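Report on the following structure.
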C-alpha cells in the first residue's frame with residue numbers, strides 16, 4: 001500500500017501540460033520528415049533506381065501498407081510488454097535509422113544506379129545490394145511508424161488523465177484538438193517546404209532535411225523523459241481479441257449447448273454481460289468452460305487465455321465482426337487516394353507556375369487535398385451541422401452512413417475528372433510532338449489538376465470522419481481505441497490492394513508487346529484509362545455500400561441498445577439478425 005501511495009504521489013508531480021510540447025513536437029517532426037519523403041519519392045525511385053512508374057508506385061504502396069499494418073503490432077507490444085514510452089522511443093530511433101540509410105543512398109554513389117539518359121531505352125540495372133539497402137530503409141521507417149503512431153497520441157493522454165481530477169477532461173479535449181492541428185500543419189509543411197527543398201537543392205539536401213528533423217524529434221522526446229508519467233504495460237484489448245479467435249478455433253469441434261447455460265467464463269466475476277448473444281454462435285465456444293479443473297485457476301481466472309476467453313472478449317470480438325461489411329466498403333476510396341504517384345508524373349509535364357517567378361513542385365499539389373479536407377470539416381462542423389440538425393433531428397446533422405456514402409460518390413467523381421483531365425493533357429502532348437519525350441513540358445497549366453485534389457479532399461473528410469463515428473456508434477466505450485485501429489488497418493489493406501491493382505493492370509495491358517497503360521512515358525501510355533477503371537470500380541463499390549447498408553438498421557430514435565451491452569455503451573446501429 002505504501003508503494004502504491006508513493007507511486008501516486010510521484011505521478012502527481014509528473015505529467016501535465018508541461019510535457020505537451022515534447023510529445024507534440026516529436027509527432028510533428030516525425031510527420032514532416034515521413035510525409036516529406038513519401039510525397040516525392042516516386043521521382044527518386046524512377047531516376048536513381050531506374051524503376052518504371054508502375055513498379056515504383058507498387059513499392060510505395062506496399063511500404064505504406066506495411067507502415068499502417070505494423071501499427072497494430074506496435075499497439076499490442078506497447079500495451080502488453082514494453083509500455084508506451086519505450087514504444088515511442090524505439091519507433092523514433094528506428095525511423096531515424098531508416099531515414100539515415102535513405103539519405104546515404106543519395107550521398108554514396110555506389111548505393112544507387114546511374115540515372116538513365118533521356119532517350120536511352122536500355123538502362124543500367126539496379127543491383128540486389130542496392131535494392132536491399134533501399135528496402136532496409138523502408139523497413140526501419142515502417143517499424144518506426146508502427147510504434148510511434150498508435151502510441152504517441154495515447155501517451156499524451158496518459159500525461160493529462162489523472163485520477164481524482166475530473167477537470168482534466170477539458171485538457172484532454174484541448175490536447176486532441178492541438179494534436180490533430182499539429183498533424184495538419186506538419187503535413188502541409190511536408191508537401192510544400194520539404195518537397196520544394198528537394199526540387200530546388202537536390203536529393204542530398206532534400207533527404208538530409210528529414211534526417212535532421214527526425215533527430216530533433218528523438219532529442220525533444222528524450223529531453224522530456226524526467227517529467228513523463230510512464231504507465232506500465234498491462235493486458236492488451238487487441239491481444240485479448242486475438243486470444244478469443246485462437247480459442248474459438250481450437251474448440252471448433254466442441255458441441256454448443258442448445259440453450260443458454262452457466263458454463264461460460266466471465267472475468268471479472270462481477271461482469272454485466274450475463275449470456276452470449278445469438279449471432280456468430282460459433283465464437284461462443286471460446287468462452288465455454290469444458291472442465292473447470294483443467295480450464296480455471298483456484299481464483300477463478302483462466303488457466304490458459306489462449307484456450308479460454310472471457311464472455312466479454314467474445315462479445316467484443318463479435319462487435320468487430322458486425323462492422324466488417326461496412327469496414328470493407330472503405331477500401332476503394334483509399335485505393336484512389338494512393339494514386340498520387342501518377343498525379344506527380346502528370347504535374348511534372350505541365351506548367352506549374354503559380355506566378356511567373358514561382359513554380360509549385362509537382363509533389364506539392366496534394367496540399368490542395370489537405371486544404372479541401374480542412375475547409376470541409378470546419379464548414380460542416382460550424383455551418384452545416386447547426387442547419388441540418390434542425391431538419392434531421394440528429395445532433396451531428398447527417399448520419400455517419402450518409403456521410404460515408406457522400407464520400408464514396410465524390411471520390412468516384414474525382415477519378416472521372418482525373419481521367420478527363422489526363423485525356424486532354426495527353427492529347428495536347430501528342431499534338432505538340434512530345435509522344436516520345438515524357439520529360440517535355442506540355443502547354444497546359446497544372447492548375448487543371450487542382451479540382452480532382454479538392455474533390456478527393458472532400459471525399460476523405462466526409463468518408464473518414466463518418467466511418468470512425470459509425471465504428472464508435474457500434475462499439476462499447478471500452479473498445480473506442482479499436483475504431484481508430486480499424487481505420488488504420490483499412491488504409492493498410494487499401495494500400496496493398498492498390499499496389500496489386502497497379503501491378504496487375506501494368507502486366508495485363510503490356511502483354512503481347514503493347515505499351516502499358518501505366519507506362520513511365522505517360523504520353524504513350526493510357527493513364528486516363530486507368531483513372532476510368534478506378535472510377536468504375538469506385539461506382540461498383542458505392543453500389544456494394546448501398547447493399548451493405550441494408551444489413552444494418554437504425555432505431556426509431558436513431559439508436560438501439562443491445563442487452564449484452566452495459567447502460568453506458570450505447571449503439572446507433574445494429575446488424576440485422578439472420579432469419
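The backbone N, Cα and C atoms fix where each Cβ goes, glycine too.
As stated in TrEMBL, the feature transmembrane segment covers range 178-197 out of the listed 158-177, 178-197, 238-257.
Of the listed segments 360-380, 423-443, 444-464, 465-485, TrEMBL assigns transmembrane segment to 360-380. Distant neighbours of the transmembrane segment (487-509): 52, 54-55, 57-59, 61-62, 64-69, 71-72, 149-150, 327, 330-335, 337-339, 464, 467-468, 471, 516-518, 526, 529-530, 533; these residues of the same chain sit at least 6 beyond its ends, with a Cβ under 8 Å from one of its Cβ atoms.
Of the Cβ pairs linking the transmembrane segment (178-197) with the transmembrane segment (53-76) and spaced 6 or more residues apart, fewer than 3 are under 8 Å, so the two regions do not touch. Of the Cβ pairs linking the transmembrane segment (53-76) with the transmembrane segment (128-157) and spaced 6 or more residues apart, 3 or more are under 8 Å, so the two regions touch.
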